[in-house]
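Student: This is the structure I want to talk about, given as structure tokens.
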Amino acid sequence: MVQLAPGAKLLQRCLPPLNSKTGRVHIFFFTLVIYTCYHLSRKPISIVKSVLHKNCSDEANREGKIIVPDNETFCDWAPFDGKNYDSLFGTLDLIFLSCYAASMFVSGHVADKIDLRIYLCIGTFLSGITTIAFGLGYFFNIHSFAYYAIVQGLGGIVQATGWPAVVACMGNWFGKNKRGFFMGVWTAHASIGNILGSLVAGAFVETAWGWSFVVPGLIVGLLSIPIYLFLVPYPEAVDIRPPAQHYPNEYASMDHPVNNPRTSEEAPAATTSSQSNLLLLDKEDSVSFLSALRVPGVIEYSLTLFFAKLVSYTFLFWLPLYIRDAGGFDPSASADLSAVFDLGGIIGGIIAGYVSDTTGASAITCVVLLILSIPTLYLYSIIGFYSLATCIGIRRINQVSQWCVQPRSNNRPNTYKSTSI
């Protein structure tokens, strides 16, 4: 039996009980805030890179110091004060993303087995701890690369708790209706989190960079309290019948696309085919990795998302440093400018979702927008830093073009499970 959150149980006595509509509003905004905070805590590392290794000649001129061989890296933070600083930064990113990717394969299945409220409560709390731990390196004067590498690895593991769980929460409350525009708005959480992370981290980066991690860490860590008290991930907990995630007996076949027996005249014959060729989308069972791969469209959309994320995560971890080096902006301004990329992501997600809903051509929408991202990236590399206006304008256009392959299409395979594929 699903347990209702203690705070929600109290509110049920004091306020009108949740119904299907208010429950959806509750889970929509709650999960949006949750994953916004997850992304908020991922952003500081990209902002702080610009002060961990700086141009000490410029710093010396501002401070009236004379650089000699013994102090030529006086303004840098060891161990990132050597010529291999960019390799060390890249290694930290590799460790985080590798641990994050590997953990996603496990996280989705764990989320299917335990209470999502408890899972997200633990995930946000541990994400806060690991984010704060990186910032403590500043206050405790830690200069061991191993320390920062371990923290990044642990951070990647606990950050993987977020996405499968919030998607599962949404799937428990929302049925199989057109949701391109709706999901386009919801998936703005990643961009909103990156924007807030840039602004919060940028506010401290030039004074005491440790706070750039501590403050976001406190935000996401303290979020575990309202999650534990008020999150209602299951409509059954408030005696609401959950919406159907798929039509009865809907299946995917190795040889045929997903069939709907309500509209396909061949469904009775198809359902009598060999069980070895069918993937029954059973709501009660979690979807295994290999089974998910057999759902038509999963591999194609996964590959599309892979290449889109390749660019997006490059910007997530490196854009502020690139803006500082290529444009000559200070670290704080670089942080603010990097947020423009994600502002375009909000616009792009909504546009892509709306077009997908109105045309029913989600794949074509993705193809067109991804093609448009190619010239905007090239244009940005050429004239992006001629002025502040061109930097902002082209970044918006590029992210609008990029943000098209989030899980929002009504034509995509729909299990809405916590599977981490």
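For all residues, glycine too, the Cβ spot is worked out from N, Cα and C.
TrEMBL lists these features:
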type: DOMAIN; residues: 27-421; note: domain 'Major facilitator superfamily (MFS) profile'
type: TRANSMEM; residues: 87-106; note: transmembrane segment
type: TRANSMEM; residues: 118-140; note: transmembrane segment
type: TRANSMEM; residues: 146-169; note: transmembrane segment
type: TRANSMEM; residues: 181-205; note: transmembrane segment
type: TRANSMEM; residues: 211-231; note: transmembrane segment
type: TRANSMEM; residues: 303-323; note: transmembrane segment
type: TRANSMEM; residues: 335-355; note: transmembrane segment
type: TRANSMEM; residues: 367-389; note: transmembrane segment
Student: Give the nonlocal contacts of the transmembrane segment (181-205) in its own chain as ranges (CB under 8 Å, at least six residues past its ends).
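Tutor: For the transmembrane segment (181-205), the sequence-distant neighbours (Cβ-Cβ under 8 Å, at least 6 residues beyond its ends) are 28, 31-44, 47-48, 50-51, 170, 211-213, 215-216, 219, 316, 320, 331-332, 334-336, 338-339, 341-343, 345-346, 349-354, 356-357, 399, 403, 406-408.
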Student: Is the transmembrane segment (118-140) in contact with the transmembrane segment (211-231), using three or more Cβ pairs under 8 angstroms as the rule and ignoring pairs under 6 apart in sequence?
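Tutor: Counting Cβ pairs under 8 Å (6 or more apart in sequence), the transmembrane segment (211-231) reaches the transmembrane segment (118-140), since there are 3 or more.
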Student: Run the contact check on the transmembrane segment (146-169) against the transmembrane segment (303-323): 3 or more C-beta pairs under 8 Å, excluding pairs closer than 6 in sequence.
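Tutor: No, the transmembrane segment (146-169) and the transmembrane segment (303-323) are not in contact.
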Student: Quickly jot the same-chain residues contacting the transmembrane segment (87-106) by Cβ under 8 Å, restricted to those at least six beyond its ends, or write none.
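Tutor: Here the qualifying positions are 45, 49, 52-53, 79-80, 145, 148-149, 152-157, 159-160, 163-164, 289, 313, 317-318, 321, 420.
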